[in-house]
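Chemist: Okay, here's the structure, questions in a sec.
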Amino acid sequence: MDLVQMQKSLQDYTKSLFLEGILDSQFLQLQQLQDESNPDFVSQVVTLFFQDSDRILNDLSLSLDQQVVDFKKVDPHVHQLKGSSSSIGAQRVKNACVVFRSFCEQQNVEACHRCLQQVKQEYYLVKNRLETLFKLEQQIVASGGMIPAVELGF
């Protein structure tokens, strides 16, 4: 695939992430903070999000598997995941966390288990998609190209 085709593929792929509601405009704002002095800024921030999220999801699983669930421990984890997913533009993860928190407030263990599965599904989807996005960007840079700006226009 030549450079122009790779750049077009990247633009189309990125647009699809927004059209599917996986990302929101916060991700674009994050990209605007990246420049020549810090060309890996977005991938570094997102990698930190992945590391934190993996830990939080593990902690949530452990907390919900207790005989007596301590919602005072569960809710802050969900709140933290909601905030961090919102800060990188992971819209569907954030939205799943909003629902999760409402069931934490109700102290509904069964619903919280279902929500945790939904949050994990959305998280692994955004993680897979962003890793693919970063690989496409790396291929373009390795071929001597520039990462094209994405204009959503929808």
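Yeah, the Cβs are placed from backbone N, Cα and C, and that goes for glycine too.
Residues or ranges marked as domain 'HPt' in TrEMBL: 38-143. Among the features that TrEMBL reports, phosphohistidine is placed at H79.
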Chemist: Run through the Cβ atoms and count how many others sit within 10 Å of the one on H79 (phosphohistidine).
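Modeler: Result for H79 (phosphohistidine): 14 neighbouring Cβ atoms inside 10 Å.
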Chemist: Tell me, roughly as an integer, the mean pLDDT over the domain 'HPt' (38-143).
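Modeler: Overall, the domain 'HPt' (38-143) comes to a mean pLDDT of 97.
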